[in-house]
Each structure stands twice: as structure tokens, then as C-alpha cells.
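Taken from TrEMBL, the feature domain 'Nitrogenase/oxidoreductase component 1' applies to 12-432. TrEMBL lists Asp36 with the feature [4Fe-4S] cluster binding site. As annotated by TrEMBL, active site, proton donor applies to Asp300. According to TrEMBL, the feature substrate binding site maps to Gly435, Met436.
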Amino acid sequence: MKLVYWMYTGPAHVGILRVASSFKNVHAIMHAPLGDDYFNVMRSMLERERDFTPVTASIIDRYVLARGSREKVFNNIIRKDKEQRPDLILLTPTCTSSILQEDLQNFVNRASLSSRSDVILADVNHYRVNEFQAADRTLEQIVRYYLIKAREQGILKNQSVTTVPSVNIIGIFTLGFHNQHDSRELKRLLEDLGIKINEIIPEGASVKNLINLPKAWFNIVPYREVGLMTASFLQKDFGMPYILTTPMGIIDTADFIRQVQKNVNKLAPFFLNKTFDYESYIDYQTKFVSHAAWFSQSTDWQNLTGKKTVVFGDATHAASMTKIMVREMGINVSCAGTFCKHDSTWFKEQVQDFCDDILITEDHAEVADTISRIEPSAIFGTQMERHIGKRLGIPCGVISTPVHIQNFPLGYRPFLGFEGTNQIADLVYNSFTLGMEDHLLDVFGGHENKKVLTKLLSKETKFYWTLESQVELQKIPGFVRNKIKSNTEKFARQINVRTITVDIMYSAKKAFNI
């Protein structure tokens, strides 16, 4: 076991609670000791919702350890059933409480007999799966529970698909990266195409409406991390096709729309006696709604051509950003990486032709060392890479969870669709260019006048800068100072010198032609 102070994905119970709290009128009972109940604070702080997070902690204390948990868990379920009348109560342990190896399914079975709410146990292995995997499994479990229940009751017997094109959007949920904004953009895009939204799950959905899922013509899964298992279940049991292409960037958004057209035209001739052609819509949106295509040809943008960057994040966003950078912006991705180790095969297939190197890791120190070695002009990653970039003096645009509250904006900032291309273009351009303005702080006496600290990451060799060399370093404009410092230390490492003098600085300048 390895102790870390930074994690890219949380434990399994966080993913379960994210799904449960996304549904309307679903309450989660978390069987856990004090210390595991931080989800409520995290969600209320980041999402800034008006309502309280529907999660109750059934605390494990010394009395529980002495007598067992059954009565306490049972009483908490019955109490919430009487107080709030939820449609579903979801019981989940945490990694810590799973050590007790209690028969929680037996607790659920007993509570189901006395509760008017449906009660189920989140069926995931808390030791083997992370937050994303648990969320994906929990959403599929809830959908499966209600559809199989409806099938057994004969409710689905006479159900048919809608007479107009309709879709389900699967995987929009709380604490997702710009999920609410992406949902609005997808709805707008589909409305433009004349397609009805059947259901969006789990965010804002009612479990009572899950029986309506098979009415849609097909499903859309915007993000691989959550929703793929549900879409696979619906395809296998109900014959519903699904689209897994993320409409992010001009090229993939166009590809997404063509896949929508393909699926719509499977049923449109039978129900509407016609077929659909969206090519003119793609052409108009690309030319006049998405300004990214035009801007990438502008003089401003040409200054970024050939610059190198590092991309790191969840599999969906990191793969999409890598392809956008290379295909649509002419930027060199020196390294593309993801922390979704369980999806590494797919990720490698997506990015192998668009980057120099691929990094699959959950270790932020390894990511930091890679960035330090490559010395990119900008980074596009998570909140962790933003901190790494801050230490190295490299600007960073955040493109994936984990994120800070700044990436839960109140304003409209989608990453999907044609409007999303504008947001991405702004993010990329500003990340590269705003870092160049640091020299103005030197000119006007800003905070950059403080001493430059050695920014070593992981196990780098330490160097001693003489007082004269530090003074000389301060004379260099701020926007290139860290680059000069890094190259000087690289030169010193090559000639096996640990003390950096002014002479070493000039020798490095000559060696690197800087």
C-alpha cells in the first residue's frame, strides 16, 4: 500500500454518492466511520446547490464495533424513509467500513420489508475499483434494477419507441467537469437536429422515469468514464444502439453528428417516411458558430504553431484535447497521459498517432517529473497539473477533474459541441499567451521581484547558485527566467557541476544558444 496526499480519483464510495445524489428524491445511507463523511461538504462547496446533499452517514463507532451494525443501519434506513419519503434508498459502505465484512445485503433485505421506499445495496468492490468505475457500475445497477422490475411487472410489455427521433443522454452527473454546461449544449445541438430528449440520467432524473429509457431510438454517452456500462446493458437487453464519440472539437463534433444521422435514419423511413441529412448544418456551424476554425488560421494563432505541450487528465478529455491540439491547432503534444489506468488500452489507441509519448499513471510525482523533463510551453491537465505548472512557471489550462471551485463556473462554459470549440480555443490561446506577460510585473515592480526558488520535482539533483549568479538571474525578464534557469541546471548536470556561477550561466547560454 502506498500513502499519497494527492489522488486523481477518489475511493469507490464517492462515485456511488455522486450518482445517488444526482437523481431526484434518492437518498444515500453511507455506512462509515467519522472521517469518511466528507462528501456532503465537498459537493455543497463545489456545486453550490441550494438544497442539502441527500446523503446520511450511519456512523461506525465503538458501540457499533461492540454490538454490530445491523440495528443502527436498519433504524437509519427506516428513519429516512419516514422523514423524506425517497423513491430509493441506496446503502453503501466505504473502504474503511468494508473491513468489518458485514452482511449488508441482509440489512437491506430486512429494511425493504418495513420501508415504502425501494432499498438497494451498492454492489461494488471498494478495494478494487475507483470513483469512476464505482459510479459507472452504480448507475448501471440502478437502471437495471428498475427496468427488470418493470419487465417482471409487465409494465414494459406494450411499450414502444417514440414516433419522432429521440435519445437518452447517459452520464451527466454531479461534480463532473462542466457536465451541466455540456448537457445544455448537447440539448441545444440535438434540438437543432430535430431530435427529442427522452431522458438525461442521472442528473435531475427520477428513478420512476427510468422505465422510459427503452422508448428512445438510441443512447448518447458523452464521457467514457460514466455511462458506458448502462449503455451496454440497454444495448444487450433492449437492442438500443449507443454513440460513444465525444463531440469535443470541430472534427469529433462533426463525426458525432454524422453518427446521430446514421442512427436516426435507421428508423426515420418507417416512422416519418423520410431520411435526414445534417451536412449543411455541420458546414454552417463550423464556419459561423464555431469561431475556432477561423481563429486557428489567424495571425495571432500562427505564433503558437509548433509549440509543445503536455496533456493529462481523464481518458475522455485528455484524448479529445490531444487530438484537437494536433489536428485543429497545429500544436505539438509532447506527451499525452491519463490516470484512468483501467481504460489504458482505449486511450493508447486514441492518442498514439498524435503525440510523442504516452503516460499512464496515478502518480502525480511521475507526471511532475515528465513535465519538468519536457519543459513544455503550456500544460493542459487537472488541478494537480496546475499546481505543478505553478511551481515550474509554466501556464496550465484545466481540462479535467480533479478540479477546484474555479472550474464550477456560474456562467455558461461548455466543452462539448460547437460552442465548446470556442471555449477550448480561448482556454488554449490564453494559457499559452498570458504566461508571456510576467515580464510586465518586473517592469512595474510586481510580485515577480521576489527571489526565484529552485523548483525541483521528485528526485532531481540539487544545485547551489552563488549570490552573483542569483543577481544575474534576476536581471532576466520573468517570462523566460525559469526557462533560462532550467537550461542552466541541465547544462550543469551534463558537465557534473553542482555550483552554478555566472561563468556557468554564460557557458550554458552558448551551449543551448539562448
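Keep in mind that glycine also has a Cβ here, set from the backbone N, Cα and C atoms.
Automated prediction, rather than curation, is the source of TrEMBL annotations.
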Protein Cβ atoms within 10 Å of Asp300 (active site, proton donor), excluding its own: 10
Distance from Asp300 (active site, proton donor) back to Asp36 ([4Fe-4S] cluster binding site), taken between C-alpha atoms, in Å: 49
Number of other Cβ atoms within 10 Å of the Cβ of Asp36 ([4Fe-4S] cluster binding site) across all protein chains: 20
